[in-house]
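Only one structure is covered here, and it is reproduced in the block below.
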Amino acid sequence: MANNHSHMAGINSHIEMGPIDGRSVMELEDESIVSPQPSDIKTRSVDVAPHRSFFGFGTEEFGCKYILNSTLNSIKIVLFSSKLNLLASCGPLAIVVDKLTNHHGWVFFLSLLGIIPLAERLGWATEQLAFYTGPTVGGLLNATFGNATELIISMHAMNSGMLRVVQQSLLGSILSNMLLVLGCAFFCGGIVHCSKEQVFNKASAVMNSGLLLMAVMCLLFPAVLHFTHTELHFGKSELMLSRFSSCIMIIAYGAYLFFQLTSEKNLYSPINEEGTPTDGGSDDDEPPEISKWESITWLFLLTFLISVLSEYLVNAIEGASAAMNIPVAFISVILLPIVGNAAEHAGAVMFAVKDKLDISLGVAIGSSTQIAMFGIPFCVVVGWIMGRPMDLNFQLFETATLFMTVLVVAFMLQEGTSNYFKGLMLLLCYLIVAASFFVHIDPKSVQDKPRTNT
């Protein structure tokens, strides 16, 4: 070892081609140009010593300590940076109650509370990953993983044969985003900025409204076909039309993504009060709290935890409905989406208060568009693969509710401005929808009851 060091000391740094003490030739040449002082050389030799041990005998120890410290720091940030994480203990408690007792109401309630912090942290991890992907891809990631909770619950319900819960939870997610989330964003933003009228990109809002109307059309035709008894092949034409329309909707949504990501980026940029596009940059943007690979790891881990709790949640829905005397339709359309949209709700309100209404609109309306044009047809295709007769016939009451909601929101967005009164109107509309589903008897559930009791 001593011979090696004496040999390396006698070689000029400009002639040596290989790395010396872990540094490249270019680094050594840069140092020689600066003409370091002897004190600098002494300091540098001290700094190099641990670097040499990293590439020598201390590699494994250094790597383990670094990974351990990084992991502990990441866990600390994820677990202790949100007050909602206090509800995380409800998840394991729900599993314990399910194993030891038969109280489906408590299992449902605890699972519901346990999923809320997981959904919020999932949205947070997606935002951290968006720092490394850019705003356009980041917006797509936010919409996708923001809807992951609803899709996971839908997959578990479909696997259990509860197709009406799948339909109603997805419908409720659209209604919740368009009325509750957007209404809260408009209301809170309007209260904070009451001295001026907030503006947003009208072109993007009109594009999303058009896609939502297309989704309503695809849901309306199977329902009308069923209730007018005009099917060519009774019981088959409705299902075939739903599967064909679902494939068309997925293609249309893919084309919309391609259009948004490539040809018309300026169309979706934020605008200022004068109505001219801005670059979307801001001085108060915060740096990411965790690295890219830590974000990806947390995304997979949180998705898995939500999937585990969703299974207990879905299995307890019918028992909770009977125990609490609440219709399954109300649980599916109102309660489940509020939990699934917890991340979108908090994010949309926060950005509206900061006068970043375009981001709030992208979260609320963008998420509704993705559920309507991708989430629902995706579940139909997955049901097709699994052999489940999942279709687009959401029944007349649910389809009419969605149609009226899309019309109301489209009229609210056509001016490109918002205020607290518009937000209040959307919130009041959501209260009417919630009350309607509380007194609504689902025809298919009534038909299924004699079969389940025998």
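Using N, Cα and C of the backbone, Cβ positions are placed for all residues, glycine too.
According to TrEMBL:
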{"type": "DOMAIN", "residues": "105-261", "note": "domain 'Sodium/calcium exchanger membrane region'"}
{"type": "DOMAIN", "residues": "296-437", "note": "domain 'Sodium/calcium exchanger membrane region'"}
{"type": "TRANSMEM", "residues": "170-193", "note": "transmembrane segment"}
{"type": "TRANSMEM", "residues": "205-228", "note": "transmembrane segment"}
{"type": "TRANSMEM", "residues": "240-259", "note": "transmembrane segment"}
{"type": "TRANSMEM", "residues": "296-314", "note": "transmembrane segment"}
{"type": "TRANSMEM", "residues": "326-353", "note": "transmembrane segment"}
{"type": "TRANSMEM", "residues": "359-384", "note": "transmembrane segment"}
{"type": "TRANSMEM", "residues": "396-414", "note": "transmembrane segment"}
{"type": "TRANSMEM", "residues": "420-441", "note": "transmembrane segment"}
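Highlighted: of the candidate stretches 170-193, 359-384, 420-441, 170-193 has the greatest count of Cβ pairs under 8 Å to the transmembrane segment (326-353). Sequence-remote contacts of a segment are chain residues at least 6 beyond its ends whose Cβ falls under 8 Å from one of its Cβ atoms, and for the transmembrane segment (396-414) they are 167-168, 171, 174-175, 178-179, 182, 202, 205-206, 209, 212-213, 216, 219-220, 223, 227, 333, 361, 365, 422, 425-426, 429, 433, 436, 440. Note: the domain 'Sodium/calcium exchanger membrane region' (296-437) comprises 119 helix, 2 strand, 21 coil (DSSP; helix = H, G, I, strand = E, B).
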